[in-house]
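Peer 1: Encoded as structure tokens, here's the structure I'll be asking about.
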Amino acid sequence: MRLGGRLAGAIEVLADIEARRRPVADALKDWGLSHRFAGSGDRSAIGNIVYDALRMKLSHAWLMEDESPEALAFAVLLRQWGLTAEALAGELEGDRFAPALPQAALAALSTRRLEDAPAHVQGDIPLWIQPAFEAAFGDAWIREAQALAERPSLDLRANRLKAPRDKVIAALEETGAKPSAIAHDGIRIAPGEGASRLPNVTAELTFAKGWFEVQDEGSQIVSELVDPRDGDQILDYCAGGGGKTLALSALMRNKGQIHAFDADRKRLAPIIERLKRAGTRNVQVHDRPQQLKALEDGCDIVLVDAPCTGTGTWRRRPDTKWRLTERSLEERLSQQQDALANAARHVRPGGTLVYITCSVLPAENEAQAQAFVAAHPDFEQKPALPVYQRLFAGAPEPWAGEKGALTLTPATTGTDGFFFSVMTRKAS
Ligand SMILES: C[S@@+](CC[C@H](N)C(=O)[O-])C[C@H]1O[C@@H](n2cnc3c(N)ncnc32)[C@H](O)[C@@H]1O
């Protein structure tokens, strides 16, 4: 397929996402099924155009004065892939599958300037969420929002139970894998440009052997910030598929005990296979709240990696940025309060409650932590920055709030957005 056919494919997928408000991964999969002649390079190029378009949908539409899928797809090539209008016209000439050049939109793009656009358009975020970004990041909010519209790297975590980071990097040499900047076991594969494809690392034999996991560096950093000691008893109360459970198990070198629980059994199920592959021996998995009874008032650390809007992961899931509603935010807020209140019962006196989200919205972050300590006077917030500075001396620093909670972002730590806060239970 030449560029024209790929562009046409991306336009079809973008139209499908718009018309049926469906997740991007589903729309791309369906397109692939109904276009079996397209090779894997074509599919990934089309995927890149679609994801890039969704990341910067508002600013593309504003600059092109056109929000059609055609305008968005062309804007990707011109604004994100570095093609000039002339080079693009040359590439498409004589390609019978190429869509027509949107002449009016191209003319608009050549005269309009992003600095003249409304602020939320410059930041490529929904207007209703702008006040939350301003509250979170002050004058830096547009830069923070723009960084959430960039392509993310592919991050891996070397599993120190099986292989040290150097050994994993050597095994993945062809992928261009490098040590990541902050997390101690982190490995980074740069995002690549244009139509370039990220390697399918989960097809590697070394992955099957458990040498590494795919995990954003931000998720690795917050796992390290939990700062477990070898013999600790930890409850991972929202364990999901086990990303943080696995990281903690490796940090604890298979010592102590981690109890992994999730209210949703389906989400928890993949953890069994992952634990086996990773060689963990210090994790017990629970899928019924009754199974946690014996842990009440008994855990050194309880982790609440709470359900959230996922605004910190917009680079990877840009379609969710446009689907997020005030109502779904409200739902998440109430789930977070429930999870925190239920989880807290398992913290021993003198123990620690850790609250994490992959969101950057203050309502889900600082406000929840503060509301929790206000309602639970036996808990108090503890600054997390000193731990960060001890663990990652000299590394780029995240945002640190008044009460000492941390917010990692693509613009500060080069990771997904994550919120991390620690509350200690007073010793009785
Ligand atoms: C952000 S995800 C967890 C991701 C996981 N910790 C990881 O690192 O891969 C949040 C999880 O919280 C679970 N959850 C939501 N409400 C809960 C509750 N009240 N109690 C326990 N788990 C809950 C959801 O099922 C979901 O799997």
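Using N, Cα and C of the backbone, Cβ positions are placed for all residues, glycine too.
Sharing the record's features from TrEMBL:
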- 144-426: domain 'SAM-dependent MTase RsmB/NOP-type' (DOMAIN)
- ASP262, ASP305: S-adenosyl-L-methionine binding site (BINDING)
- CYS358: active site, nucleophile (ACT_SITE)
Peer 1: Three-state secondary structure of ASP305 (S-adenosyl-L-methionine binding site) from DSSP?
Peer 2: strand
Peer 1: Between the Cα atoms of ASP262 (S-adenosyl-L-methionine binding site) and CYS358 (active site, nucleophile), what distance do you get, rounded to the nearest Å?
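Peer 2: If we compare the Cα positions of ASP262 (S-adenosyl-L-methionine binding site) and CYS358 (active site, nucleophile), the gap is 17 Å.
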Peer 1: Taking 10 A as the limit, how many CB atoms besides its own sit near the CB of ASP262 (S-adenosyl-L-methionine binding site)?
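Peer 2: That number is 23.
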Peer 1: Please report the distance from the Cα of CYS358 (active site, nucleophile) to the Cα of ASP305 (S-adenosyl-L-methionine binding site), rounded to the nearest angstrom.
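Peer 2: Cα-Cα, rounded: 8 Å.
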Peer 1: Using Cβ-Cβ distances, find the residues under 8 Å from ASP305 (S-adenosyl-L-methionine binding site) that belong to the same chain and are at least 6 apart in sequence, listing them in sequence order.
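Peer 2: Residues satisfying the criterion: ASP236, TYR237, CYS238, ALA239, GLY240, LYS244, ILE356, THR357.
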Peer 1: Starting from the Cβ of CYS358 (active site, nucleophile), draw a 10 Å sphere and report how many other Cβ atoms land inside it.
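Peer 2: Here the count is 25.
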